[in-house]
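Engineer: I am attaching a structure below and will ask some questions about it afterwards.
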Amino acid sequence: MIEVLIVLIMTALATATLGVFLLLKKEVMTTDALSHTIILGIVLAFFLTEDTRSPLLILGASLVGVLTVVLIQWLQNIKLIKGDAAIGIVFTALFALAVILISRFLDHIHLDLDIVLVGEVLFAPFNRMELFGYSIPVAVVQLGIMAVINLLFVVVFYQALKITTFDQIFARSIGIFTVLIYYALMVLVSVTAVTAFDAVGAILVISFFVAPAATAYLLADRLSHVIMLSLGVAVLNSIVGFFIGYYSDLTISGTTASVAFVTFTIAFLFNKDGFISKRVRRKEMHSDLLQLMMLKHIESVSDVGKEDVYSHFNQSQRMLDDAFQSLQKRNLITSTADKMRITDDGVRLIQAKQVEFGLTTRGVES
Amino acid sequence: MMDILSSFSFQIVAIGTMILAFACGVIGTINVLRQNSLIGDAIGHAQFPGVVLAFMIVGTLDALSLLIGALIFGAFAFFVIQMINQYSKISLDASLALVLSSFFGFGMTLKSYVQGSSAYGHTGGIDDYIFGQAAYMLRADVNIILIVSAISLLIFIFNYQRIKIFIFDPVYSHMIGNKPTVMNALILVMTIGLIAAGLKAVGVILIVNLLIAPGVIGLMWSKRYLYVTLIAGFSGLVSAFVGTYISTAYVGFATGPTIILCLSAIVLFSILFGTHGAVRNGLMRRRHAA
């Protein structure tokens, strides 16, 4: 069981490292395309080797993955077709070819479609190898190596990757081989997708690439922080997804993808510019300002009635009541028999705010 | 050859895929031109949990209820993509990929739950909604395709001018009183409807292809939108016919993928030799340079 979790975490680490750059370079859908077409590569390599465990399968599949990227790039470069349409026609065609090859020539081999699409990480420990006298699942070794390679790639080429990601033209002008960096990245993406294929399949690997990166991107601003955070999120998603999937007897890659979406949604709603945080903050600012303006009004017109104050503001009754109660609670005004008066605290606050907003005559003179 | 053409199952499959391909080709031009072609990919995958949930509620693989489930989740997925796009700095392609994979993962989770539970009957056939199983298309499926395609095409024809202006000049379109939200909703209804209707017959991947490839073909041969839509529609129609014929005549050619390959062959030819294709373009450029 722990081995399954390790495979899942290795997958998450290997994919999330590259995912950040795919996200920032807007190449996520290209990844979706190549994760489909590697099936064609696996089929073609299988024709040559007739062995489902052969390492040539990984090579062949990765080659077709890269070929997909080359084709898409070529179609985009001749500028006849828009980028997204190029992706759409290339991957569907190659995928269709793979399906036909399978149904025409490999009919005798049982191909579980579910495993093609979502993988089955539970099977990973069955395929084992000897390493330093220990028996280890092959997937752990392969994915572990991929995770290390990807991490090394990002660490070693960090500056080059960063500059090409954010400013291609500048990168080229200072002598960075942007095309080389791009293809290096896409080769690694394609090898990683192939290695992760058995565990998480063709479609859900996209979730592993993009979801932690997107979550981290919403929570951090610096590239290095985004990368580290995305690794953390990836591991978290895998652990939670694993336990839900394992104990409820559901497909583990599926639950991990679902959990990844939940973490993303939480980040989307509650990050500092998030959907909900922004609304909460706007409401707070609104009510702060209303309180201040009310206080200022009460300061300038002493012993004023509540209704009179309210009539000066075009706000809902609830907003006004809230502001009024808040002012009272903060001891900024006293209210007796419907006559309101500002307290010393209130006066001090008004003076402080006037300085802060640069509204005092003193401020103008100096 | 006449044997095949007159066989009932061939006619059903051919008619179903031809109507679907024609409608998808015409409607797909909108998304291709608006550089939004992969929306079909995202929505197609995201409809899967809707299909499984509908199965869990109804208990049978009833085509209509599964269609409704797919429609609801398609619209929901689109809404989520819009929200992410509008209220965060995540780019469109990332939000598409995120929704695509997460929703699909959720669908597969539900499916594994259904298959592991004894409370539900036979689930064979749910997989058709991923890869499609055109060869087993039923009369009821063709009827659904026919109705949805007709509705989509009618919406398209009646709003042809507005849609055309919206595609090529969204600002002007807004100015003359066509609300962008209404236009988006129109396009969305047509796209989601066609995806949901075609899902079982031809599968997600073929739907993606049907929505993009014919549009690309059209654009390689004409610069007039009316011709582009017509060329797109008919290239879809012809490919569907040829694809269905090949898949019926030869063993091992699944209908959906064969149609994709026919379309892809036309795409390749058009990109190279179309009146606006690579070769002509290259020749023109060289002539200008000389």
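All residue numbers here begin at 1 and follow the chain in the order shown.
In case you wondered, yes, glycine gets a Cβ from its N, Cα and C as well.
Note that the structure is predicted; figures quoted are calculated from it, not measured.
Copied straight from TrEMBL:
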- A:6-24: transmembrane segment (TRANSMEM)
- A:55-75: transmembrane segment (TRANSMEM)
- A:87-106: transmembrane segment (TRANSMEM)
- A:131-157: transmembrane segment (TRANSMEM)
- A:169-193: transmembrane segment (TRANSMEM)
- A:199-219: transmembrane segment (TRANSMEM)
- A:226-246: transmembrane segment (TRANSMEM)
- A:252-271: transmembrane segment (TRANSMEM)
Engineer: May I ask for the residues of the chain that lie six or more residues beyond the transmembrane segment (A:6-24) and have a Cβ under 8 Å from a Cβ within it?
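Structural biologist: Those are 30-31, 121, 124-125, 137, 139-140, 143-144, 146-147, 150-151, 153-154, 161, 165-166, 185, 188-189, 192-193, 195-196, 199-200, 205, 208-214, 216-217, 223, 226-227, 230-231, 233-235, 237-239, 241-242, 252-253, 256, in sequence order.
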Engineer: Please check if the transmembrane segment (A:169-193) comes into contact with the transmembrane segment (A:55-75), where contact means 3 or more CB pairs closer than 8 Å and the residues in each pair are separated by 6 or more positions.
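Structural biologist: These two segments touch.
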Engineer: Can you tell me which parts of the same chain pack against the transmembrane segment (A:87-106), counting only residues 6+ beyond its ends and a CB-CB cutoff under 8 A?
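Structural biologist: Distant Cβ neighbours of the transmembrane segment (A:87-106) are 29-30, 32-34, 36-37, 39-40, 43-44, 46-47, 64, 68, 71-72, 75, 81.
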